[in-house]
Amino acid sequence: MVDAATLEKLEAGYKKLAASDSKSLLKKYLTQEVFDALKTKKTSFGSTLLDCIQSGLENHDSGVGIYAPDAEAYSVFADLFDPIIEDYHKGFKKTDKHPPKNWGDVETLSDVDPTNEYVVSTRVRCGRSMEGYPFNPCLTEAQYAEMQDKVSSTLSGLEGELKGTYYPLKGMTKEVQQKLIDDHFLFKEGDRFLQAANACRFWPTGRGIFHNDAKTFLVWCNEEDHLRLISMQMGGNLKEVFARLVNAVNDIEKRVPFSHHDRLGFLTFCPTNLGTTVRASVHIKLPKLAANLAKLEEVAGKYNLQVRGTRGEHTEAEGGVYDISNKRRMGLTEYEAVKEMHDGIKELIKIEKEM
């Protein structure tokens, strides 16, 4: 049973949210009826509704406002997660099932900007959770350390182009820290949305960064998700970037079992990242289109692309450089998600050239 103090926090937070002018998906779908049905439920990891929604209760300017404290939360609190997932992932209904993993034929992708006029850099990343562990809010300090040991020993087995070094955040020297900051590899403690979701406890225990020698493949350990695998390079050669990620994920998967849900695909902390969990993005300059940001967003929206500031969500565009990525991650395969970005970016460049 959920304790009285948690219930009291839930009731107070819910009243404030209901009375607010929040535009979050949490506010939209957390009706009194859903709230009453879920407020006393718990997962076997001990997670409550408060663990799921505390970030959205605290930050009324959230776009989504909900996180999964563990893999089971998606089932136990399905009455709230399902409609939010359907809304965010554009119609992934309660009855829909995410297709099996399929990386497709990498050879059918290309360099989206062969003349190097528009695309500064290309990146494809995916999130993974290690089976048998809850997500951030429920992890103990010992579990963080144990997971890092597993991850670093797994990554030390990578060979060829992927061979590299793991750097734990705890006890990191100033020199290594500065080097990783200069390369834009170092992640900081979470923003207020993650802090409020209790995703940053015991920082920096169990957190770390791996990168290959060429600095084109990165793994973040226990930042927002257990693992973030990132392939990237300068220019627009999406084919090369995607191929590298596919090789890495397939290799790591042989050694570390990942949390997977029959209906929702790969499970992660944030419901916006479920399914393929794949985000393919470019840093791109489109000065003519971007002169009217609403127009750029409208055109990008037609191709299911999301326009963000240079450093991602909640940031500004620096020097006219935007981060544009695929928005859909569910109900389509990994290949289809990346192909959407590939085709959409080519189309945006074509429009920019014609302006």
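Just so it is clear, glycine is given a Cβ too, placed from its N, Cα and C backbone atoms.
Since we're looking at a predicted model, the values are computed, not measured.
Residues or ranges marked as ATP binding site by TrEMBL: 121-125, His184, Arg228, 279-283, 308-313.
The domain 'Phosphagen kinase N-terminal' annotation in TrEMBL covers 6-90. Averaged over the domain 'Phosphagen kinase N-terminal' (6-90), the predicted model has a pLDDT of 95.
What TrEMBL records for 118-355 is domain 'Phosphagen kinase C-terminal'.
Within 10 Å of the C-beta atom of Arg228 (ATP binding site) sit 22 other C-beta atoms, taking all shown protein chains into account. Mapped onto DSSP classes, the domain 'Phosphagen kinase N-terminal' (6-90) shows 51 helix, 2 strand, 32 coil. Ranking the binding-site residues Ser121, Ser281 by C-beta neighbours within 10 Å puts Ser281 at the top. With respect to Cβ neighbours within 10 Å, the binding-site residues Val124, Arg308 differ, and Arg308 shows the lowest count.
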